[in-house]
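Database features, via Swiss-Prot:
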- 4-147: domain 'Clp R' (DOMAIN)
- 8-73: region 'Repeat 1' (REGION)
- 86-147: region 'Repeat 2' (REGION)
- 160-340: region 'NBD1' (REGION)
- G207, E208, P209, G210, V211, G212, K213, T214: ATP 1 binding site (BINDING)
- 341-548: region 'Linker' (REGION)
- 391-525: coiled coil (COILED)
- 558-764: region 'NBD2' (REGION)
Amino acid sequence: MANIQDFLTDNMLSNLESAASLAIHSKNNEVVPLHLLWALSVDSTSILNQILNKLNISKEALELEIKSRISKLATSSNVNRENIRFSNELINSLENAKGLMSANGDSYLSVDTWLISESQKSPIKEILAQFLDLREFQKELESLRAGRKMDSKTSDETLDSLNKFGIDLTLKASEGKLDPVIGREEEIERLMQILIRKTKNNPILLGEPGVGKTAIVEALAQRIIKKDVPKSLQNKKVIALDMSALIAGAKYRGEFEDRLKAVVNEVIKSENIILFIDEIHTIVGAGASEGSMDAANILKPALARGELHTIGATTLKEYRKYFEKDAALQRRFQPVNVGEPSVNEALAMLRGIKEKLEIHHNVTINDSALVAAAKLSKRYIADRFLPDKAIDLIDEAAAELKMQIESEPSSLRKVRKDIETLEVENEALKMENDEKNQKRLDEIAKELANLKEKQNALNSQFENEKSVFDGISAKKKEIDLLKNEASLAKARGEFQKAAELEYGKIPSLEKEVEILEDKWKKMSENGVLLKNQVDEDLVAGILSKWTGISVQKMLTSEKQKFLEVEKHLKESVIGQDKALSALARAIKRNKAGLNADNKPIGSFLFLGPTGVGKTQSAKALAKFLFDDEKAMIRFDMSEFMEKHSVSRLLGAPPGYIGHEEGGELTEAVRRKPYSVLLFDEVEKAHKDVFNVLLGILDDGRATDSKGVTVDFKNTIIILTSNIASNAIMNLSGKEQEDAVKNELKNFFKPEFLNRLDDIITFNPLGKDEAYEIVKLLFKDLQMSLENKGIKASLSENAALLIAKDGFDPDFGARPLRRAIYDLIEDKLSDMILADELHENDSIIIDAKDDEIIIKKA
């Protein structure tokens, strides 16, 4: 046995071990050639099965014949790994194959050599002859070998490399497994133009992730099947190379190179294969180790001679990183730039794949849902690209609906749970036999009868709806298959078959679908348990889960929303009508498209004394625009007073501690691209902070320390400052305006001030505003009390007293909040702790003799 192992390939040895396991399973005390043939037939990746698939021969029939013959062999009850042995017949079989191996000039015996040897004589020849033509079988085995020598134990792993390490996209296209590709005509034409060149006929598709590079290659495969390509490309096959499969399991040095070289040789020999390598930058350095070449260097000679037709695909970033450094590799590929499609182009692509998505998910997708997916994904998902993000959105919306359809309807689930609850109660009451319980048992019996009747009715309705639903889905799938068959028939010139399908079977099925859809429509009018329409609300709901932005805000008309911005701000901020009007006007200008597209939504400098509503305005704006006060990201600029602290905004440079964490500003915006950025007390910051802000205000983006560009176009930037507070407090009109301008010019650089959309002055508050602010602040206290079940109201006298006692023009509105704490909340907390206030109580907060009194209503 040891001598036999020395000349067997690893694959052959593995199959012999499988044969021994099968012999033990069959209780045969010897391993014979039949066991080895059986082992090959059950291994789906074996050479035997590859040939059976090519020749369209049933492996199940072959397996039955083998098992039938094995059942006639001698058996033993105590066969195990220790006492199983190779029969003389098998050893002779391997020795005979070894002779053929030597004649072929091989150093090791592989499975294909053994099969050729056995198909010339022996009982195995009789079995194979029942199912296939032996000459054709031997010819296919020799074709797989393609003249290669078995000079290592792993050499036969490279047989039929393209089947092992590649995916035939033209085969997938012929089976209708690829989605239709809409648009991209220019890129596909350029791709074909490069492919039919004499040399350097290798295009490389360059574009951002998700723009549709792979889809362009799939479109080429579909065109080849339909013969919609130049004559020189009509018989080509597009094979996608699976780099992970190529590298996986390559245990020994040189094994990866052997596999890749085998693939290259197969492609060169066939002359009709176009190799597609997605993420082609992975070949640079792949397999390289001390004393061995990387994959790129193996491909270069064949690429330069034009013997290897290759299409690559990678991103611009990876192309610059890997290809531009290797000039020899770069010049062997011709770039084809694939840009991000517009919203309208992405919408056309979505409409193209709509039918496939509907068939897969068994739902109907409204056109409004496609429009919403294209527009909302463009607006709200800034770090990804069309059409991928829009396709993902519509696909997930359809998946959510499919999950609902395949689950028990909520109304049916509720009835079932009610029945279960009553049955549990029924069993519990039966244990206690008294008059009161008997009365309740009678009630439960009636309720259960009603619920079970309702459950039966709902079940019946659900089954009827499901049968119509499944019928529509099955017919649509059949139509899709027939359409693909008709398309292939046309490409093959079988016009009679195409006509039979297009004018016979397909219209007949479409009529059946129409009848079922009419039936569904009538059922829908009476109310249905199953929802089968993917609409814009569902799409917006999915996007809301992704981004955290409210669904209602997405679907509200943008114009209508921004027309109301001033009104909403004035509800939250008191006494700053002029400042809020200026803020609202600037935002409306931006949203009307009168500002540059590459800038933030708005950038403002809020000036004014403390406590006048600068920060509150920013919070109110965040709440209105993004439906969440937490959408305001606040930076206390007193933390950035020193030069070294400025790097915290964009991140520490490479080599410094904290580099991997990124910048506080850039990371915050990457996580929440739709937000209000508040830079509080900006005059305290180091002057270098303003250099960082210049680029953001001008271009709407910033590059962090890791080289990642962060988009600020969906943010509102607000800077607050107490500069010129004295002038604002003590002056008014033109005099105030001039004094403020002079102080700003003395502190800020002109280029910084020029980049701001507006400088907004917040004026000091008066006693009238203080009264309104007290009423606004009291609403927060009211809500807290309502959560405890206590209703509270504030009298006018009490509000006036709090405004009088708490207002200080030098400190603005902040002392008013402290006055509410001192005058109201302290007394309320004492009453609650003393059990003087309970749930469902109502109180009135009033004032008498300059003192706040709290009384129950």
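Every residue gets a Cβ built from N, Cα and C, even glycine.
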- Task: Over the region 'Repeat 2' (86-147), work out the mean pLDDT and round it to an integer.
- Result: 75
- What same-chain residues, at least 6 away in sequence, bring their CB to under 8 Å of the CB of K213 (ATP 1 binding site)? L205, L206, G207, D278, A313, V338
- Note on the structure: Around the Cβ of G207 (ATP 1 binding site), other Cβ atoms within 10 Å, all chains included, total 21
- Item | Least surrounded among the binding-site residues, given as P209, G210, G212, when other CB atoms within 10 Å are counted | P209
- Message: Using the Cβ center of G207, E208, P209, G210, V211, G212, K213, T214 as the ATP 1 site position, which other residues in that chain lie within 8 Å, going by their Cβ?
- Response: A313, T315, V338, F385, D388
- Task: For each of the binding-site residues (E208, V211, T214), count the other CB atoms lying within 10 A of its CB, then report the residue with the highest count.
- Result: V211
